[in-house]
Amino acid sequence: MGFYLSILTFTFITIIGVTGIFLITGLTGLFSLGQASFMAIGAYTAGILMIKFQVPFVVATILAILVGLLFGLVVGLPTLRLRRDYIALVTFGFGEAVIAILNNLTSITGGAMGLSGIPMKTNFTLALISAIVCIIFARNYKYSKYGRQCMALKSDELAAKAMGIDVKRVKLTTFLVASGLTAYAGVLYGSFTTYVDPSTFGWTRSAEWIIILFFGGLNSLTGAIFSSLALGSLPELLRFASSWRLVIYAVIVLLILNFRPTGIFGEYELNLKTLKKDLLRTNRK
Amino acid sequence: MIVQQLLYGLSLGSVYALIAVGFALVFNILKFSNFSHGGVLTVTAYTGYLIATKLQTNLWVTLFLTACVGGVLALIIEFFAFRRLRKKQSPLIFYFVSSITMGLLLDNLITVYFSTNFYSYPNFFTNRVIQLGPYNIATTDTIMLIISIVALSALMLLIYKTKFGVAIRALSIDAQTLSLMGVNVNQIIIITFFISGFLGGISGVFLGINYTLYPMIGKLVVKGFIASVLGGLGNISGAVIGALLLGIMEVTLTSIGFIGSGLAPVVIFVIMLVFLIVRPQGIAGIIIHEKA
């Protein structure tokens with residue numbers, strides 16, 4: 001039972017990370033290939049605070065999120081006013097820079113050996129509640145003023161600008177929100193595994209999140225959650241194929257891109273209204 | 001000492017220039033950042049190793065064969081990841097995801113086949129240093145610099161002096177008009193991908209010689225990205241200048257005691273951010289506008 005609970009806990013943490021990616025990529029059409037480094041920032045900040053300074057978990061979490069936001073600001077401010085490609089290239093570089101810092105400040109981060117002895121504070125319930133709160137938050141964000149502005153600038157930035165949307169500001173807000181969310185996911189991750197090392201947070205993980213999002217459908221939060229559940233828990237259950245996992249994901253996503261570019265769920269969102277519609281349709285048949 | 005450092009920086013920079021140019025070529029014509037270029041680097045670095053150890057070839061044959069493999073690989077990537085998207089005129093965001101996925105796929109295939117062991121290239125030269133007047137210069141550095149300069153000059157000639165080059169430059173402005181002028185756009189794109197992969201193959205071998213081989217070697221493509229950002233996205237001569245600057249900066253930073261090779265990427269990242277604030281259009285100074 002403990003094994004399945006721990007898989008589910010990891011899956012919920014993945015869901016929080018993918019929610020962040022959904023806001024950046026799904027809503028706004030930007031790509032962050034260094035998103036995993038925000039997770040690293042969250043995990044390491046909270047871990048170091050708790051180990052070296054005996055800071056309580058809640059305070060450490062808040063501080064970790066703030067540090068994540070700060071780094072989001074440093075990366076986002078110069079890049080988000082430029083062409084979209086810059087954010088992808090710069091976040092890729094950011095990911096490498098963060099890993100270099102973690103590997104080299106051995107006295108603080110433990111270097112390549114990793115940081116161990118983080119107090120175990122995350123449990124199944126906390127991860128579940130956090131994931132649900134984050135999902136509700138992302139859903140509300142999507143239907144808020146900001147979410148709609150994001151969608152507008154995703155499909156046509158020039159037109160969005162002409163409609164009076166402050167494009168830079170909306171992009172920055174979304175990027176910051178996602179950085180905070182991901183840093184929080186990092187805190188949960190670190191205090192669940194009690195051990196983190198830099199290699200966990202390479203660009204592969206960021207790319208994997210983007211792939212998970214695409215699998216479910218770029219425009220659908222429901223899709224993002226379902227595919228994180230599916231792709232997040234399957235590999236743990238099929239351990240024997242673990243080295244092939246990313247290869248299989250990549251092939252699936254290439255197929256999806258070529259033959260069903262909207263992903264599995266397309267624009268579909270699960271809520272009371274669509275649920276009623278679906279039920280009625282099946283009844284009629 | 002300074003001359004040696006400078007030369008080492010230039011040779012490192014010229015390898016980065018090869019990466020940056022391969023990346024910029026595709027960016028130029030299709031207007032998206034091709035993240036699968038990192039995958040090309042990984043695969044070719046390993047291919048070069050296999051060719052050099054299994055076939056016992058010398059550096060020149062290894063380079064040529066690997067570059068051809070790189071070119072063919074780029075064609076395969078183009079076919080599987082971008083061909084259909086181009087036909088359907090999909091939004092840029094799909095190209096992006098496709099290239100990321102392709103990069104991830106290639107990296108992980110290499111991980112599956114070679115596991116995460118480290119390999120290193122055989123020695124191609126018996127003399128490790130060349131005596132040039134009062135200076136001792138590493139042979140591989142010199143060879144790398146020369147080959148890169150030759151390859152880059154050939155590319156510049158191709159782009160600025162031939163009819164094909166005119167077609168590439170025209171394609172970077174407007175694909176539809178170009179096809180109305182009776183140019184086979186598809187063919188130009190395919191050839192550009194081949195050239196990009198060819199250059200990627202050369203840089204893959206050089207990276208493999210310079211560092212030890214491990215599956216994540218492709219992430220060194222980030223040097224190419226930084227060089228392109230410094231030089232101005234999509235601008236080829238800008239990318240070359242940016243890459244040479246990057247190489248020299250890196251060598252200088254590494255020789256400063258408290259930064260060292262470990263923290264040099266961090267300092268370079270910060271320099272890039274500052275550069276983006278001060279001069280976002282890059283060294284070349286041309287901003288590519290978002291197509292409305």
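Cβ atoms are placed via backbone N, Cα and C, with glycine included.
Residues 33-34, 37, 40-41, 137-138, 141-142, 144-145, 148-149, 151-152, 155, 168, 192-193, 195-197, 199-200, 202-203, 206-207, 210, 220-221, 223-225, 227-228, 231, 233-236, 239-240, 242-252 of the same chain, all 6+ positions outside the transmembrane segment (B:6-27), place their C-beta atoms under 8 angstroms from a C-beta of that stretch. Per TrEMBL, the feature transmembrane segment maps to B:6-27 (among others).
For B:58-80 (among others), the entry in TrEMBL reads transmembrane segment. Same-chain residues lying 6 or more positions outside the transmembrane segment (B:58-80) and placing a CB less than 8 Å from one of its CB atoms are 36, 39-40, 43-44, 47-48, 51-52, 102, 124-125, 143, 147, 189-190, 193-202, 204-205.
Among the features that TrEMBL reports, transmembrane segment is placed at B:92-115 (among others). Counting only same-chain residues 6+ beyond the ends of the transmembrane segment (B:92-115), those with a CB under 8 A from a CB of the stretch are 30-40, 42-43, 46, 77, 80-82, 85, 215-216, 218.
Per TrEMBL, transmembrane segment is recorded for B:135-159 (among others).
Using a Cβ-Cβ cut-off under 8 Å and counting only residues 6 or more beyond its ends in the same chain, the transmembrane segment (B:189-213) has close neighbours at 12, 15, 18-19, 21-23, 25-26, 29-30, 34, 37, 40-49, 62-63, 66-75, 77-78, 86, 118-121, 124, 140, 144, 147-148, 151, 155, 158, 164, 168, 171, 220. Summarising the annotation, TrEMBL assigns transmembrane segment to B:189-213 (among others).
Residues of the same chain lying 6 or more positions beyond the ends of the transmembrane segment (B:225-249) and with a Cβ under 8 Å from any Cβ of it are 6, 9-17, 19-21, 23-25, 27-28, 31, 33, 152, 155-156, 159, 172, 268-269, 271-272, 275-276, 281-288. What TrEMBL records for B:225-249 (among others) is transmembrane segment.
According to TrEMBL, the transmembrane segment annotation covers B:255-278 (among others). Same-chain residues lying 6+ beyond the ends of the transmembrane segment (B:255-278) with a Cβ under 8 Å from its Cβ atoms: 5, 226, 229-230, 246, 249.
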